[in-house]
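A.B. asks: According to TrEMBL, the protein has these features:
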type	residues	note
ACT_SITE	155	active site
ACT_SITE	260	active site
BINDING	60, 78, 83	substrate binding site
Ligand SMILES: O=P(O)(O)OC[C@H]1O[C@H](O)[C@H](O)[C@@H](O)[C@@H]1O
């Protein structure tokens, strides 16, 4: 977890939020990627030790922002450009009257984004850290004179104590599309979803509250609450694919699970001047 230490980064590249009593968050301006969220000193996000920090490649872990496209994209890089652009700090970290810490980041269209996706837009990303929660709200503004369409997702890499003792709850009865079987649709029958191989699934019409639990030591128990994110992607590359990715630790798959809230199955269309707000709240239950 060495690379989740804020001292390792040039101060101009990161924003550090400190709620006190070991509750902190670290955001890299490359992609506005949250690379650490600790509750009472316990790290809840997985960040690959092999991740490259060259301000070009997407950061491998934490919470990359996927926009304006989830998955392979004929117009540009996989998962869009938001995770590989440098974001601006619109409002630097400040404490509110409760002592909670809030920071706002923005990303606007520029020559590079317009060359691949010819729309003027603004993304406003608000992160709030309370003693037990990390709230991330993304608002997509159409700043153009024409309508635009997009998909988006928060690619959250949860750090788990041990993948063998990790379970996701809340997806029972849903239909998922299995990306490893040409998108074959399957009904999830399990109350507790455990992962023991390469998973890449998109669950449809998910409830607003899910639970990710892994124990026993160091125990983690996170509630995930979403707003306007009806789809949930569950991904773990497992052993072979982890080895094939140069920026993924060979054994990293044992200590992570991606549970990614998104709006990816049916794209959003925004008319000129309209906006779309979506949000994930991670609640530390311990
Ligand atoms: O390697 P990346 O571009 O970061 O994508 C990592 C993964 O993201 C999502 O979870 C997708 O469903 C996977 O298909 C993809 O492999």
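Glycine residues also receive a Cβ, built from the backbone N, Cα and C atoms like all the rest.
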A.B. asks: Among the binding-site residues 60, 78, 83, name every one whose Cβ is found under 6 angstroms from ligand 1, counting any of its atoms.
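C.D. replies: 78, in sequence order.
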A.B. asks: Using the recorded substrate site (60, 78, 83) as reference, state which further residues of the same chain have their Cβ within 8 Å of the centre of those residues' Cβ atoms, listed in sequence order.
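C.D. replies: Apart from the listed residues, the neighbours are 31, 57, 58, 59, 64, 66, 77, 79, 84, 155.
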A.B. asks: Let me know how many other Cβ atoms fall within 10 Å of the Cβ of residue 83 (substrate binding site).
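C.D. replies: The answer is 22.
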A.B. asks: How big is the Cα-to-Cα gap, in Å, between residue 60 (substrate binding site) and residue 260 (active site)?
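C.D. replies: Per the Cα atoms, residue 60 (substrate binding site) and residue 260 (active site) stand 14 Å apart.
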A.B. asks: Which value in Å gives the longest Cα to Cα span across the substrate site residues 60, 78, 83 as recorded?
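C.D. replies: Binding-site diameter by Cα atoms for substrate: 13 Å.
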A.B. asks: Can you tell me whether DSSP puts residue 83 (substrate binding site) in helix, strand or coil?
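C.D. replies: Reduced to three states, the DSSP call for residue 83 (substrate binding site) is helix.
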A.B. asks: I want to verify one value. Collapsing DSSP to three states, which class is residue 78 (substrate binding site)?
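C.D. replies: The three-state answer is coil.
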